[in-house]
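Trainee: Features from TrEMBL:
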- 33-114: domain 'GST N-terminal' (DOMAIN)
- 120-243: domain 'GST C-terminal' (DOMAIN)
Amino acid sequence: MTNVSLQEEIKMFWEYVKRNAAARAKGSRMPTQPIKLYYLPPSPPCRSVMMTARALDIDLELVLTNIMQGEHKTPEYLKMNPQHTIPTMDDSGFILWESRAILTYLVNAYGRTDSLYPKNPRQRALVDQRLNFDLGTLYKRYMDLYAPMLFHGQGYNDEAAEKLNEALGWLNSMLEGRVFVAGDTLTIADISIVVVFSNLEAFGFDFSAHENVAKWFERTKKSLEPYGYEEIDQAGARMLASFLKKE
């Protein structure tokens with residue numbers, strides 16, 4: 001039987017404590033200080049970033065940026081982001097804009113797991129494809145229909161509505177046999193896309209004919225309830241809908 005002195009036991013204990021403390025610190029990967037997010041509550045891309053931060057348990061320092069009053073075009077803001085867009089993120093001096101880039105950064109930098117943005121190349125490729133579909137097609141066609149109504153008081157454009165409905169049909173096909181847009185688990189692609197549908201719901205756009213989309217929307221809303229869906233996304237969508245031209 002090996003005899004271990006009291007001093008050796010104490011030394012071994014403290015080494016164990018230090019190893020576990022280091023492992024916990026490595027696992028937490030939290031920012032050293034709150035990440036600044038320049039945002040406006042009704043903005044759909046801002047809402048996707050805010051919900052993702054909640055899902056990752058990341059503290060945000062929200063900096064209200066009223067684009068209607070030109071606060072995104074001040075010399076200070078333009079120096080930070082020459083495109084003068086929201087959301088813009090400042091993580092201890094690391095500046096990033098474009099919501100989908102921010103989403104991937106937050107998971108890569110601070111995610112305890114890769115569930116929201118899988119490391120598996122094929123799974124990640126699907127998430128990336130859905131994010132690109134959102135940016136280049138779905139969100140664009142949503143904006144083509146509603147931006148003129150929201151910002152210029154124009155009427156409803158049936159042709160733009162048909163284009164949007166076409167994109168919804170494509171998404172409906174992508175969802176065939178899937179629980180979420182890129183597989184069986186929630187990812188940042190769902191969080192990026194759901195804000196469009198929260199707006200469509202608030203605006204009264206009927207997408208019920210797309211059965212897979214309608215079911216996915218209900219699942220995603222429920223999945224995001226713990227991460228501020230109602231107070232962040234739904235509230236922002238309703239606020240945006242109040243800006244629509246009243247007939």
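Each Cβ is built from the backbone N, Cα and C atoms, and glycine gets one as well.
Note: TrEMBL annotation is automatic and uncurated.
Describe the structural surroundings of these features, if you would.
Mentor: Averaged across the domain 'GST N-terminal' (33-114), pLDDT in this predicted model comes to 96.
DSSP places the residues of the domain 'GST C-terminal' (120-243) in helix, strand and coil in these numbers: 94 helix, 2 strand, 28 coil.
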